[in-house]
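Positions annotated as [4Fe-4S] cluster binding site by Swiss-Prot, on the basis of sequence analysis: C67, C68, C133, C162.
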Amino acid sequence: MDYTLTRIDPNGENDRYPLQSQEIVSDPLDAHVHRSVYMGKLEHALHDVVNWGRKNSLWPYNFGLSCCYVEMVTSFTAVHDVARFGSEVLRASPRQADFMVVAGTCFTKMAPVIQRLYDQMLEPKWVISMGACANSGGMYDIYSVVQGVDKFIPVDVYIPGCPPRPEAYMQALMLLQESIGKERRPLSWVVGDQGVYRANMQSERERKHGERIAVKNLRTPDEI
């Protein structure tokens, strides 16, 4: 079977994976509120209820690429108990999964397979890039490793580390839940490209910058 690797052009328009849909300048429901306070508030409440159900029942697709996958499945143990976030139901089929975790090194031969699995997932769907190798190729700056999975599929949350700890994976789940809670997706039964509106997500460095600068008393190295 022949595979073709579709590379995303950040500066161009791609009907298959539109990067411009990842950003939004304003919430489209604000206009509804101004036109009709009652219907606008009702639509806000309806979106909140739907998003609450989506973010608290995230089913991951069960596949791994390398060592980061071991850290991912460690979060399913009783010590961490990822079931608190509604993400303990591993799916063996991409058609039944809500989000994909690209955990580990993505080789060039594996990239078209990942892309096909992503295409088989049903909307709404999200992607978490776990580990330095999945984020940017890591220490493998060679011809056989893709330098970041966002070269061919859209990524919602990045997890740094080599490999990241299970706590980092759980934090990524909480960030994804926060992002899903602010999404505005069509509530129609019609299946198709109707536009998805997402709030701009700040990086953890920007979000925690003020808190880190305000710290005056640093902990000793044996406490970190």
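Glycine residues also receive a Cβ, built from the backbone N, Cα and C atoms like all the rest.
The 10 Å shell around the Cβ of C162 ([4Fe-4S] cluster binding site) contains 12 further Cβ atoms across the protein chains shown. In sequence order, A103, G104, M130, G131, C133, A134, P163, P164 are the residues near C68 ([4Fe-4S] cluster binding site), counting only same-chain partners six or more apart with C-beta under 8 A. Each of the binding-site residues C67, C133 was ranked by the number of other C-beta atoms within 10 Å, and first place falls to C133.
In the three-state DSSP scheme, C67 ([4Fe-4S] cluster binding site) falls into the coil class. Highlighted in sequence order, S66, A103, G104, T105, M130, G131, A132, A134, G138, G161, P163, P164 have their Cβ within 8 Å of the centre of the Cβ atoms of C67, C68, C133, C162, the residues recorded for [4Fe-4S] cluster, and are not part of that set. In the three-state DSSP reading, C133 ([4Fe-4S] cluster binding site) counts as helix.
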